[in-house]
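Asker: Quick one: structure below, then a few questions.
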């Protein structure tokens, strides 16, 4: 009987083993309270270990109290996120908080308390769940009278199991009877839709750690003229093709015209000879007249020279406006042999009108 009483009064952890569920990002409180017996006189050591859920890692020490000091940098994944809740651990409270929970924190946590000769330990199962979030409501199909479509509710994330609840928020707020079996599922199948189905609906998604909601507006309308829509689209495409063809044709035509103008201009410049000078023209004129003089007799030369010499261009033979008669001189005719004409001496008149 004495030994039994001594055992009952030794170190004991009073917190029962339990399972805790928390949402990702929240803080988990893991309790570990103990009592000491009068014979527990050794130094107090407290140790928390984690057995990861994947069972691929050995038990990891995540925080330790020994020699009146706290060591909380043993496990890199929980560094800075695990703390003792009490400032006086000798008072019998070795509970901890794990902040900003992550899915990697899932596992079995074990609290060990030792004060020689007493030793005790307890295990706590921690589960981290993800709240439903990013839920989207939408309609899959055509919202036309007589058509079939589906109302869908999809959360972006959320730990299973998930529960769904549909509600109609507008009009009569009365749901069609055929929908009732699907009011707790993520999809509602609508058959032979009518305008009575129109309205605003809500979908609420829940799990053990949270919930999320989305809204959906349903407007059942008369069928659209699909044939007219398709025909209009085809006509529009054809008109666009014709317009593109006209633009291409005009551009090619303009390009050909520009090319033709360049070629014609280049040919004209190559075929046209350089213009003759006025002096060459005058000499040609004189050459032709002098050639005719060779065939004339002295009897008719006087009258011819008087009439013909007055027609010589002014550039080559300019008269003195003050003198009514030409000076007595002999002028050499230009070298006309190259031009095929016979060279002659141009006679000059004296003051009495006779030929010299």
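Backbone N, Cα and C atoms are what each Cβ position is placed from, and that goes for glycine too.
Just so you know, TrEMBL annotations never went through curation; they're auto-generated.
If you look up TrEMBL, you'll see 260-273 marked as compositional bias 'Basic and acidic residues'. Taken from TrEMBL, the feature compositional bias 'Polar residues' covers 277-313. Sequence annotations record features per position, and here TrEMBL assigns domain 'Ig-like' to 24-127, 132-207. Under the heading region 'Disordered', TrEMBL lists 260-332. According to TrEMBL, the feature transmembrane segment maps to 230-251.
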Asker: For the domain 'Ig-like' (132-207), DSSP counts of helix, strand and coil?
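Answerer: The composition, in the requested order, is 9 helix, 33 strand, 34 coil.
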Asker: How do the residues of the domain 'Ig-like' (24-127) split into helix, strand and coil according to DSSP?
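Answerer: Secondary-structure composition of the domain 'Ig-like' (24-127): 9 helix, 51 strand, 44 coil.
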